[in-house]
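Feature annotations, reproduced from Swiss-Prot:
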type: CARBOHYD; residues: N20; note: N-linked glycosylation site
type: CARBOHYD; residues: N209; note: N-linked glycosylation site
type: CARBOHYD; residues: N284; note: N-linked glycosylation site
type: CARBOHYD; residues: N488; note: N-linked glycosylation site
type: CARBOHYD; residues: N520; note: N-linked glycosylation site
type: TRANSMEM; residues: 35-55; note: transmembrane segment
type: TRANSMEM; residues: 304-324; note: transmembrane segment
type: TRANSMEM; residues: 332-352; note: transmembrane segment
type: TRANSMEM; residues: 386-406; note: transmembrane segment
type: TRANSMEM; residues: 431-451; note: transmembrane segment
type: TRANSMEM; residues: 542-562; note: transmembrane segment
type: TRANSMEM; residues: 585-605; note: transmembrane segment
type: TRANSMEM; residues: 626-648; note: transmembrane segment
type: TRANSMEM; residues: 691-711; note: transmembrane segment
type: TRANSMEM; residues: 724-744; note: transmembrane segment
Amino acid sequence: MTESVELMNKYGEPLRYDRNFTGPRQRDRSCTDVPCLLLFVLFLGGWAFIAQYAIRNGDLNKLLVPTDSFNRKCGMDSGVLNKKNLFFFDLNQCIDPLVPITGCDTPQVCVETCPRETFVWDTMKDKQSFAELHSRLICLSEEHKAQIRTKSDIQDAINQNQCARWYIKSAPFLKRCLFEFSQGVCDYIPSFLLNGGRSRRELHMLPGNATTEVQMQADVMYQKMTDAQALVVPQANGKQTPVDEEPIIQCKRRLNEAVIKEKMMQTDTRLAKLVGNMVAHFYNGTNDAQLLGEKIVEDLVNSWSIVLVACFCTLVASLIYIALMRWLSAPILWFSIFGVLIGLLVGIYFSVKQYIHWENTPTVPVHGLNLHSTVKNVLQNQNTWLYLSIFVGVCFVVILLLVIVLRKRIRIAIALTKEGSKAVSSVISTVFFPIFSWILFIAAIAFAIGVGLYLGSIGDPSFRMVRQLTKSGEVTTEDCVCEGPAINYTVGGSCKPEVFQQYCSVRLTSFFQNRNPCLNTTCSFDSINNPIEIKWAIFYNVFGFLWLSFFISAFSYMVLASTFARWYWTFKKRDVPYFTLTRAFFQTAVYHLGTVAFGSLILAIVRLIRLVLEYIHEKLKKYDNAVTRAILCCMRCFFWLLETFLKFLNRNAYIMCAIHGKNFCSSAADSFNLIMRNFLRVVTLDQVTDFLFFLSKLLLTAGAGASTYYFLDNNPSIIRLNYIAVPTTVVVIAAFLITSVFFGVYSTAVDTLFLCFLEDCERNDGSPEKPFFMSKQLMKILGKKNNLPPRQRRGK
């Protein structure tokens with residue numbers, strides 16, 4: 001009792017009854033935190049001004065300038081000043097979804113213009129003269145091309161990847177030379193090049209890798225494609241007979257699009273290699289890792305339909321789970337708890353059984369460097385199962401003790417969860433409201449990235465004199481001498497490409513003035529020197545994204561809080577209006593955007609401080625100073641705790657603002673005092689409900705994963721897989737994300753109803769003048785009841 005009085009004196013008196021109080025339904029609301037809203041609007045106006053300035057003065061071409069195999073920026077670096085386009089020796093290697101991440105594994109060279117004709121060495125070498133062939137060659141450098149004297153030299157240069165084996169009429173796109181196909185060309189390309197199901201071996205049978213097996217087909221292709229290149233616009237005269245009788249629909253739409261789709265469906269791609277490289281970090285045996293990566297990607301490609309169906313079923317199951325919780329909240333939540341406990345018991349039994357089996361069954365370890373051998377050794381080791389059984393047993397005991405100790409609080413949590421399920425089911429549109437937030441988030445991210453890129457392109461480019469690296473990673477050595485205006489140029493120093501190209505060269509002899517251009521030393525693009533005002537604009541853009549993203553999240557939260565509070569403070573639930581979410585949306589948008597802007601501004605400032613600390617931490621990593629590391633660690637920890645606390649405070653402030661319509665500071669103070677006056681209830685019930693929601697998500701996720709695994713394991717004829725665990729893992733991850741969205745709405749509902757419940761307990765006493773708004777179940781658990789005349793009673 002003394003403790004309650006102390007809390008009451010410290011955090012204010014309990015709320016008093018107000019007969020005019022109607023919660024979010026009150027009509028005498030006024031706009032809150034208007035100055036902060038005006039500040040936010042002005043800030044957005046400044047952001048828009050920066051955006052238009054960046055778009056008008058920025059040039060994304062500076063950031064999208066292609067780089068050749070020698071790390072020279074086409075059209076910018078010395079030696080390639082007049083060569084602004086990038087040519088790929090084998091464009092087939094570049095049509096891959098992961099090329100932006102992994103790069104294009106083919107020689108690339110800067111050219112003045114993209115090739116305007118087709119060249120196929122394997123077909124043309126015996127049909128044209130050396131001079132004609134030499135004129136069509138595209139090589140790594142003009143020096144390589146100048147050293148070619150015969151057709152044999154051409155063959156050697158092509159075999160050594162110094163010159164392109166083949167190319168097709170191309171056009172520049174973002175300064176990259178891409179194939180220029182017209183629809184007429186599609187009629188003349190053999191089907192073996194466009195068959196959607198062709199294998200990797202068939203891919204290597206392109207003109208650039210022609211073999212004896214396809215020499216005849218390559219001849220036909222060259223002849224037909226040479227004739228077809230002129231068909232930029234289909235001719236009006238008689239149509240020639242195509243190579244294939246059936247039309248190639250994908251090619252008709254667009255050949256490049258068809259090739260990209262096909263490449264995305266191939267399994268032996270860079271994605272497989274990337275997965276294989278990731279796996280290779282965990283065990284020895286690179287070849288096996290690459291094979292495993294190929295199989296994993298193959299399973300992902302083949303099982304995408306199963307994954308989508310499983311995700312849809314998870315979504316439906318979550319909705320059914322929500323609907324059932326409205327009437328069967330207690331059984332379902334207890335089932336979730338006991339389901340996890342039973343699952344842990346089964347895990348203990350299986351682990352102990354496996355431990356006893358392998359303890360009594362001596363085995364010889366399989367000596368191998370592949371993954372299969374490693375996994376087999378681990379599973380046949382009795383200690384593995386011993387440690388696993390101990391871990392699962394500890395988890396079982398901890399969860400069981402928590403359930404026993406918190407069983408009384410769990411009853412109240414179940415009642416609150418039931419209230420939340422009623423509220424969500426009553427306004428089912430709240431479940432899909434997060435989609436609105438996602439759309440706004442995506443738009444904010446796209447806008448911030450776009451503005452950032454344009455801002456980053458404003459400024460003068462800086463160049464440095466560098467030496468190229470060999471294939472083995474060693475620095476090249478070259479006697480590159482500069483004179484005249486470039487006499488002070490040094491490796492690593494700044495330079496100008498035009499001056500470098502004119503006054504820097506390799507001295508062949510010390511007695512004669514014979515010089516050649518520097519090949520292994522270049523004046524290369526280093527970075528763009530942004531003016532100081534542009535750097536501040538970039539900082540403004542980063543803060544703008546933080547503020548806007550927190551604003552979107554806060555707005556969404558307040559709309560949901562207003563919806564659920566409106567439901568709670570409606571005495572007769574059948575009187576809840578149909579468009580509750582819509583009314584809450586417009587009420588928040590009209591009256592409380594200033595409060596949303598205020599709360600999001602506070603979080604944005606704290607997050608910006610955290611980002612600055614992370615930046616300082618990265619910069620100071622090279623200085624091994626224990627004191628600096630300790631200070632930074634303490635500051636990072638402090639601001640992380642501060643942001644976590646402010647998020648908690650903001651959420652409750654938004655709820656109180658949605659209920660009472662007060663400004664941010666008043667709402668934050670009221671919610672904080674209300675929580676502190678009921679501190680034990682808040683801590684216990686909040687944690688219990690979070691725990692129950694986590695168990696429910698775990699149950700749905702485990703059910704989705706187990707169902708997927710069981711279906712695939714018992715129906716092998718439906719889909720052919722190497723590892724059933726691959727699609728199962730994807731389904732588990734997707735299911736957890738889906739359930740997190742649904743239970744995120746639930747969490748908002750419970751948080752809102754809980755504050756309403758606490759206020760209801762303080763404001764009302766159950767008399768006819770001051771009836772409780774809580775459900776009968778909650779009143780029964782708390783030992784309270786409404787003393788109402790029969791005609792004033794309501795059904796719960």
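Yeah, the Cβs are placed from backbone N, Cα and C, and that goes for glycine too.
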Report, as numbers and ranges, which residues of the same chain sit near the transmembrane segment (626-648): CB under 8 Å and 6 or more residues beyond its ends. 602-603, 606-607, 609-610, 613-614, 616-617, 620
Considering pairs 6 or more residues apart, do the transmembrane segment (585-605) and the transmembrane segment (35-55) have at least three CB pairs under 8 Å? yes
With the transmembrane segment (691-711) as the reference, which stretch in 304-324, 332-352, 386-406, 431-451, 542-562 has the largest tally of C-beta pairs below 8 Å? 332-352
Annotated stretches the transmembrane segment (542-562) and the transmembrane segment (35-55) touching (3 or more Cβ pairs under 8 Å): yes
Is it the case that the transmembrane segment (724-744) and the transmembrane segment (35-55) touch, counting contact as three or more CB pairs under 8 Å in which the residues of each pair are 6 or more positions apart? no
Under an 8 Å Cβ to Cβ limit, what residues of the same chain, 6 or more beyond the ends of the transmembrane segment (431-451), are close to it? 47, 50-51, 54, 319, 322, 424, 541-542, 544-545, 548-549, 552-553, 556, 559-560, 581, 741-742, 744-745
Remote residues contacting the transmembrane segment (35-55) - C-beta distance under 8 A, at least 6 residues beyond either end: 447, 450-451, 454-455, 458, 537, 540-541, 544, 547-548, 551, 593-595, 597-598, 601, 664
Using DSSP with the three-state reduction, classify N520 (N-linked glycosylation site) as helix, strand or coil. coil
